[in-house]
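As annotated by TrEMBL, Mn(2+) binding site applies to HIS102, HIS104, GLU109, HIS147. The oxalate binding site feature in TrEMBL is assigned to HIS104, GLU109. The disulfide bond annotation in TrEMBL covers CYS26-CYS41. Residues annotated as domain 'Cupin type-1' in TrEMBL: 55-199. TrEMBL lists 1-20 with the feature signal peptide.
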Amino acid sequence: MKIIHTLLLFTFLSFTTSYASVNDFCVANLMAPDTPSGYHCKPLANITSDDFVFHGFVAGNTKNSFNAALSSTFVTDFPALNGLGISAARLDIAEGGSIPAHTHPGATELLIMVQGEITAGFFTTSAVYSKALKPGDLMVFPQGMLHFQVNSGKGQATAFLTFSSANPGAQLLDLLLFSNNLSSEIVAQTTFLDLAQVKKLKARFGGRG
């Protein structure tokens, strides 16, 4: 019986061990399949110092529907993050722009203000936690919470974001609602929006129906 318990414990530990915990690092081989534990490792003989450096963490193009840009360094952008449980992004929001309500199913987010003013917040079923942020301020958005960021000041606002996952994922509420082919009548009925407004938003975000 003692042997069985030992084997069960060994099996459990084997399944709960990620690539990062059994190796010092595991630079992702993006040509291989992604798995629940992350990407398979690039052969050690092929790894150089360049694999651990990311270039291009600069302001993105804010000329779009949201007047905002996200320059990401997720595992698919920076393979050295594979298995390490971290990633980052640069957020630039033009005056009057915003990042609409969205969630990161796979990560907690930490926002670090650098320039301008951003009003940010997240929702629960019973409350909204919102604050105007200025350079030097930080705000945390717990994993899975619906949250937003709005440029509430003059000029461009910039923040750096960090995530507790190499691939946090994102679900934008506006895109989920208005970029699909679900009939406008059903969207209107389930959101209590006017049908004309739903059709207008579908046209803006590329939806059909």
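The backbone N, Cα and C atoms fix where each Cβ goes, and this holds for glycine too.
Taking the features listed in TrEMBL, we show where each one sits on the structure.
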residue: HIS102; record: Mn(2+) binding site; contacts (Cβ under 8 Å, 6+ apart): LEU146, HIS147, PHE148, ALA170, GLN171, LEU172, LEU173
residue: HIS104; record: Mn(2+) binding site; contacts (Cβ under 8 Å, 6+ apart): PHE141, GLN143, GLY144, PHE163, SER165, PRO168, GLY169, ALA170
residue: GLU109; record: Mn(2+) binding site; contacts (Cβ under 8 Å, 6+ apart): VAL140, PHE141, HIS147, LEU161, THR162, PHE163, PRO168
Sparsest-packed among the disulfide-bonded residues, when each Cβ's other Cβ atoms within 10 Å are tallied, from CYS26, CYS41: CYS41
Residues close to Mn(2+) site centre defined by HIS102, HIS104, GLU109, HIS147, Cβ within 8 Å: THR103, PHE122, PHE141, MET145, LEU146, PRO168, ALA170
Local Cβ density at HIS147 (Mn(2+) binding site) - other Cβ atoms counted within 10 Å: 23
